[in-house]
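Database features, via Swiss-Prot:
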- Tyr36, Cys56, Cys59, His60: heme binding site (BINDING)
- 1-35: signal peptide (SIGNAL)
- 286-306: transmembrane segment (TRANSMEM)
Amino acid sequence: MQNRNTFSWVKEEMTRFISVSIMIYVITRTSISNAYPIFAQQGYENPREATGRIVCANCHLANKPVDIEVPQAVLPDTVFEAVVRIPYDMQLKQVLANGKKGALNVGAVLILPEGFELAPPDRISPELKEKMGNLSFQSYRPNKRNILVVGPVPGQKYSEIVFPILSPDPATKKDVHFLKYPIYVGGNRGRGQIYPDGSKSNNTVYNATAAGIVSRIVRKEKGGYEISIADASDGRQVVDIIPPGPELLVSEGESIKLDQPLTSNPNVGGFGQGDAEIVLQDPLRVQGLLFFLASVILAQIFLVLKKKQFEKVQLSEMNF
């Protein structure tokens, strides 16, 4: 009897463990599949196309500004900060996947020159850590450590993202040289309008797939609409499905054209990209410049002293 109770207890615990594991997997998978910039990482080997366009613009159709600030020059093996600003109106609310309104999230991709990478934690100063907040950065690919991504994160807290960057040392990396390099950045606020498979999200406008008369509009129980359009030429019925989120612009009995908007455009976000330049400076060149400036200053000082000495000699000769 005791063995039977023990077996029942073990069976119950195993069932509970498996159920919890499945729930965690489903929740995690769902959150990852809907997260920027996972889509870009899964679908593109390189986030920047040959034309210079960053692939995030394929899903985030609205064009919005983004700004990047980096030092003009850095020394080898030095940690510096790259500040990405993603401005937007903090009062705006976006349409969430369930059709409700919520705060905007932001994300960014930073494309550094080859050799530049995310600074290791032990090289980051306390001041820089405070500026970074609780952000978690990751490489776009294991073999592309110069391309960093972050997000989605709350836009109200992280509309300014600080990346800690470690510059390379040409003494240890022979493919790196003391040159001027470009840095590219892409930043989005809000959800995208198109998924990587080409399907629309509920954060975009929906157009009529046929011309005719709106014969019926059915409001679905979980939100959204089914719009039946009767083609005037052959009487064919076309049903357009509208997900929860966009506001309906048409009514029953209304005559509509092909591709006419059936809904408003709920998107309040967008994507932007920019660039900057940074110089990997040779320390010897800096030392040479300092030596040159010091020699110029000393020469000026000696010239002034010599001039004053000459004036004193002239004055004494005149007095004599």
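Placement of Cβ uses the backbone N, Cα and C atoms for every residue, glycine included.
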Of Cys56, Cys59 (the binding-site residues), the residue whose Cβ has the fewest other Cβ atoms within 10 Å: Cys59
Where His60 (heme binding site) falls in three-state DSSP terms: coil
Tertiary neighbours of His60 (heme binding site) (same chain, Cβ under 8 Å, six or more apart): Asn188, Gly190, Gly192, Gln193, Gly269, Gly270, Phe271
